[in-house]
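Database features (TrEMBL):
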ACT_SITE  HIS67  active site, proton acceptor
BINDING   ASP68, VAL71, GLY73, ASP75, SER77, GLU86  Ca(2+) 1 binding site
BINDING   HIS191  heme b binding site
BINDING   THR192, ASP243, ASP251  Ca(2+) 2 binding site
DISULFID  CYS36-CYS113  disulfide bond
DISULFID  CYS69-CYS74  disulfide bond
DISULFID  CYS119-CYS323  disulfide bond
DISULFID  CYS198-CYS230  disulfide bond
Amino acid sequence: MKKSDSFYGYSLILAFFMLFLAARSQLITDFYKTSCPNLMAIVKKEVQNAIKIEMRMAASLLRLHFHDCFVNGCDASILLDVSDGEKFAGPNLNSVRGFDVVDNIKNSVESACPGVVSCADIVAIAARDSVLLSGGPTWKVLLGRRDALVANQSGANTGLPSPFDNLGNIILKFANVGLNLKDVVSLSGGHTIGLSRCLLFSNRLFNFAGTGNPDSTLDTNMLSDLQNICPVNGDANKATFLDRNSNDLFDNHYFQNLLNGKGLLSSDQILFSSDEAKTTTQSLVQSYSTNSDLFFADFANSMIKMGNISPLTGSSGQIRKNCRVVNS
């Protein structure tokens, strides 16, 4: 055998081995089919219980998944209780919620299948169930993620989209994690459920962008209501519904609101009203406002894409016993 033939054979074997590893690292829907067959039922029951206690928790669990995936991928790093953790970053501090619910789910899962299911997968399933139980679409959650050993507070401070970002920055932050314009608009539609604090939109109510006047894209009746809820020097932590007149139902009403100047956050309304939106996001907002089936389908697809951002698989990371701390 020639030396070149031997090299070719080795290269071929190596190539097949790498393909095998790649295949092994892909997320799949039935990852826990034999190791934890009742996983889906356990998670759904706990999410149902949490939403019965507080309807807002559906939005909180959805947002938790979003804020996890945008920083180092969907690896449950946002759950870690460390001083430099993501949950203490500016966009998350006193804002991201649902940690106790994840703890309850994890405890129930551990009782049934100890040491098997990652916290990252629990967060992904809980987000799907929260949407479904609020009247939204369902999708098959890809599974097999493992949990991070470290958090990334600086990444959370810089990488998460902000209510104060312009549309270009929002689009860029989505692109940085492999998401496109359709994902920007469809995932923003997650604001069809949940609340937001005065802190995050009061800049629109009195002196927007240093103009001395309210945001001109904001509906005048809604403006008056919001000024009463969030007066100057009022309680910045007071909250109101993101989707006016369709508070807890996961539907396409959020997009109808944008057409009428009733988006609560600046980052919502600019999807339709900003100059940049005319060539980027405006047409999708219009489409979703009249076609809930299209919105549901695109939202589900975008959630699957987001859930596939840089997962830890194989021997990377670990399966945490307690979602708040790395295994000792």
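Each residue, glycine too, has its Cβ placed from N, Cα and C.
Distribution of TrEMBL features across the structure.
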| residue | record | Cβ contacts under 8 Å, 6 or more apart |
| --- | --- | --- |
| CYS36 | disulfide bond | VAL109, ALA112, CYS113, VAL116, VAL117 |
| CYS69 | disulfide bond | VAL177, MET306, GLY307, ILE309 |
| GLY73 | Ca(2+) 1 binding site | VAL177, ILE309, SER310, PRO311, LEU312 |
| ASP75 | Ca(2+) 1 binding site | ASP68, ALA120, ARG145, ARG146, ASP147, ALA148, SER310, PRO311, LEU312, GLY317 |
| SER77 | Ca(2+) 1 binding site | ASP68, VAL71, GLY85, GLU86, ASP147, ALA148, VAL150, ALA151, ASN152 |
| HIS191 | heme b binding site | LEU242, ASP243, TYR254, LEU264, LEU265, ASP268 |
| THR192 | Ca(2+) 2 binding site | GLY136, LEU242, ASP243, SER246, LEU249, PHE250, ASP251, ASN252, HIS253, TYR254 |
| CYS230 | disulfide bond | CYS198, PHE201, SER202, LEU205, ALA236, LYS238, THR240 |
**OP:** Could you measure between CYS323 (disulfide bond) and CYS74 (disulfide bond) for me? Cα positions, answer in whole angstrom.
**Re:** 13
**OP:** Pop the Cα-Cα gap between the residue listed as 'active site, proton acceptor' and CYS74 (disulfide bond) into the table, whole Å please.
**Re:** 9
Subject >> Output field, Ca(2+) 1 shell: CB within 8 Å of site CB centroid, site ASP68, VAL71, GLY73, ASP75, SER77, GLU86 dropped >> reply: HIS67, CYS69, PHE70, ASN72, CYS74, ALA76, ILE78, ALA148, ALA151, ASN152, GLY155, ALA156
Original post:
Just checking, which of CYS74, CYS113, CYS119, CYS323 (disulfide-bonded residues) has the fewest C-beta atoms within 10 Å of its C-beta?
Top reply: CYS113
Subject >> Intrachain C-beta neighbours of HIS67 (active site, proton acceptor), sequence separation six or more, cut-off 8 angstroms >> reply: ILE78, GLU86, PRO91, ASN92, VAL96, ALA156, LEU160
**OP:** Let me know how many other Cβ atoms fall within 10 Å of the Cβ of ASP251 (Ca(2+) 2 binding site).
**Re:** 18
Original post:
ASP68, ASP243: which of these binding-site residues has the highest Cβ count within 10 Å of its own Cβ?
Top reply: ASP68
